[in-house]
Structures are given as structure tokens and as C-alpha cells.
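Swiss-Prot has this to say about the protein:
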type: TRANSMEM; residues: 19-39; note: transmembrane segment
type: TRANSMEM; residues: 53-73; note: transmembrane segment
type: TRANSMEM; residues: 91-111; note: transmembrane segment
type: TRANSMEM; residues: 139-159; note: transmembrane segment
type: TRANSMEM; residues: 164-184; note: transmembrane segment
type: TRANSMEM; residues: 195-213; note: transmembrane segment
type: TRANSMEM; residues: 227-247; note: transmembrane segment
type: TRANSMEM; residues: 257-277; note: transmembrane segment
type: TRANSMEM; residues: 281-301; note: transmembrane segment
type: TRANSMEM; residues: 304-324; note: transmembrane segment
type: TRANSMEM; residues: 352-372; note: transmembrane segment
type: TRANSMEM; residues: 373-393; note: transmembrane segment
Amino acid sequence: MSESVRTNTSIWSKGMLSVIVAQFLSAFGDNALLFATLALLKTQFYPDWSQPVLQMVFVGAYILFAPFVGQIADSFAKGRVMMVANGLKLAGAAGICLGVNPFVGYTLVGIGAAAYSPAKYGILGELTTGDKLVKANGLMEASTIAAILLGSVAGGVLADWHVIAALVACALAYAGAVAANLFIPKLVAARPGQSWRLSAMTRSFFSACVVLWRNGETRFSLVGTGLFWGAGVTLRFLLVLWVPVALGITDNATPTYLNAMVAVGIVVGAGAAAKLVTLETVSRCMPAGILIGVVVAIFSLQHALLPAYALLLLIGMLGGFFVVPLNALLQERGKKSVGAGNAIAVQNLGENSAMLLMLGLYSLAVLVGVPAVAIGIGFGVLFALAIAALWIWQRRQASY
């Protein structure tokens, strides 16, 4: 690590900006690829319940590789780990373009994403510290959500024009992310020299799980972020089903526009969290989490496009304000106890287990014929109750 990298902890340093650009392109590819592949499934006449299964194979890769990716992120320069991971995403997207089964290609993208996540968040704690870390997380989330905004819309719009063109655009985005990773300064590995025996890595990972779960602050963060991202990915698929039922619109683009409104809102909410919430005042984000569920239930009852846009914008704002402080809390506390890479890998296990569970329940509800509006109302109410229970639990733990 160069001395300049050691001392320059500004969130506008060359290293931080390189990370943000690489993250934007990688997240753009992820989101465009999802909607392009969903369009491909439609053209190949897959049933509706198979759509969430596509995301389930993606998150299944996260869960399967969770014991190993944290150590990989901490054992090598994180910028190089990000580059290899984006290379795997590129291979998966290119495979789908060339006719590989979309579920197989998307699984490969999931493996790349699993390796990428601990490195992309872990590197923030190596490039900046303290309350700047909350701001860096806000910048990372804003970049990610901008990519979700543009990637989702690009994927849907291009797929309406030509599905293969949309898939090629995704592959090009991943290629750009690989190139951007080359400009990230090569940092010293956080925890080199660890054992690479699978049994030892598995024990080390589950030991990190235990350490983080026993700490009240990190347990609170793990549960909160798991609930949020599990709900978020389910909402994306709910929109695909809800739009033709509630609005009578059957194209690929409209669900992506609605998802984009959530993305815009998260950018605003993330910025507000960076200014209003510190590591010492994380509990300020909890009312926003409860309101997410309430607004989702109200949204599900809409039958016009304009109020749907407004409510999804509000859901995004609440979501950004809710999740950014929880991410920063876990990174700061986790870095000191088990290493940033391991902390994020444990977080990924929790988030993706929640996604797998929620997507499985959603797919089952669709399979048995539950109406989309009823799914949305039930989903919102249950989410609000879950966050309220988490807040009560956290306050009781803090009082002991």
C-alpha cells in the first residue's frame, strides 16, 4: 500500500472514486441483466412462478459460497478480488448471450456477485474511517441506486426493443467494471496467511457468525439489513406481476420505471442518513423501516400510475434512510472483531437467506394463485410488524 493511500482517507480520494465507478458499472450490469433475462424467460414461455426462481439461484450462490468469500476478500487486495468477481459476471452474461441456459448463466453471475460483495464493502473501511465511513456508505449506496435506476430502465427498454441487444449491453457494462477495477490502488491484504483448507475456512466463517451474533449491535444490524434486502428483492418481482394486474400494462419497461422510482428514493434517503445519522444514533433509522411496510401495503391498493410512482419514491427514501446506517454500523464493528470481509460475508449470508426465504414464499403464493394485490398487502403488513419487533428487541437489549 502506498503512503498516499494510507493517509488520504477522504471520500473523494482516487481510490474511493475508482471503487464507486467500478461499483456503478457492476451494479448497472446486475440490474439490466435481471430485467433482460426476465424478458428472455417470457420469450421462451417460462411460467410466472419461475421468475423468482431466477433470483433464487442467484442468491443460492451467495449462500453456498458465504463461508469462503469473506476470507478471499481479506486475504488478497480487495480491488483485485473485485476485478476477478466482475470477470465471472462478464462470463455469465456472455454465456446467456450465446445461448447458455439462462438459469446456468445467471448462477455464474451470482457466484461473481458473492465474491464481489465483501470486497466492495470491505474496501470502504480500508480507504476511510469513522463517521466518514457512513458518508462513504452513503456514496456507495447512491452510486448503486443510480446504477439500479439506469440499469433497470435500460434492461427493460432494450428488452422491449431486442432481448439480445439488452443482454449484450449487460456484458459490456461488466467489461467496463473490470477495466475500472484496474484503477483501484492495490491495498495490503487485511488478513493474509489464513488456512485454505475447506474445513478450516468453514469453521472460521461460522466462528465469525457466532462472534457477530453475540454482539448486540452487529446482531441488530444483521437482522435489519436481512429483512430490508429480502423485502426489497421480493418487491421487485411483485412489481413485475402487479403492473399488468393493477395497471393493465403488459410491457417490460413499466416495471423497470417503477423500480427506478424506488432507486431515486434510496439515493435521497441515503444522503439524508449520511447527514442525520451517526454510528452513535443508528436507532433513528428504525421508524423509517416500519413506515416502509405501511407504504407498501398502501401502494398495493393503487390502480393509477402517478400515485404508484409517488409511493414507490417514498418507499425508496425510507429504505435508504433505514439501511445505510445499519451497513455502516456492521462494517465498523465487524472490522474490529472479525475483519471487514468476514463481516460482510456474514451479512450476505443473512441477507440472502432472507431473500431465499421471502422469494420462496412469494413463488409459492404465485403458484397457488394468491392475487398480486393481496400478496402486496400481506407483505407490507408483515414487514412493518417485523421491523417494529426488531426495534423493541433492540431497545430492550440496550437497556440491559
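Numbering starts at 1 and runs along the chain as displayed.
Glycine too: its Cβ is placed from the backbone N, Cα and C atoms.
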Point to revise | Intrachain neighbours beyond the transmembrane segment (281-301), with Cβ under 8 angstroms and 6 or more residues off its ends | key: 217, 220-221, 224, 227-228, 231, 235, 242, 246, 269, 273, 308, 311-312, 314-315, 318-319, 321-326, 329, 372-373, 375-377, 379-388, 390-391, 394-395, 398
Practice item. For the transmembrane segment (304-324) and the transmembrane segment (257-277), decide whether they are in contact, meaning at least 3 CB pairs lie under 8 A, counting pairs 6 or more apart in sequence. Key: yes
Practice item. Might you confirm whether the transmembrane segment (139-159) is in contact with the transmembrane segment (227-247), defined here as three or more C-beta pairs under 8 A between residues 6 or more apart in sequence? Key: no
Study note, to complete from the structure: Stretch winning on C-beta pairs under 8 A with the transmembrane segment (139-159) (pool: 91-111, 257-277, 352-372, 373-393) is 257-277
Review point. Which sequence positions outside the transmembrane segment (257-277), separated from its termini by at least 6 residues, show Cβ-Cβ distances below 8 Å to it?
Key: 134-135, 137-139, 141-142, 145-146, 148-150, 152-153, 156, 232, 235-236, 239, 243, 284-285, 288, 308-309, 312-322, 324-325
Exercise for review: Answer with yes or no whether the transmembrane segment (352-372) touches the transmembrane segment (19-39) by the criterion of at least three Cβ pairs under 8 A, sequence separation 6 or more.
Suggested key: no
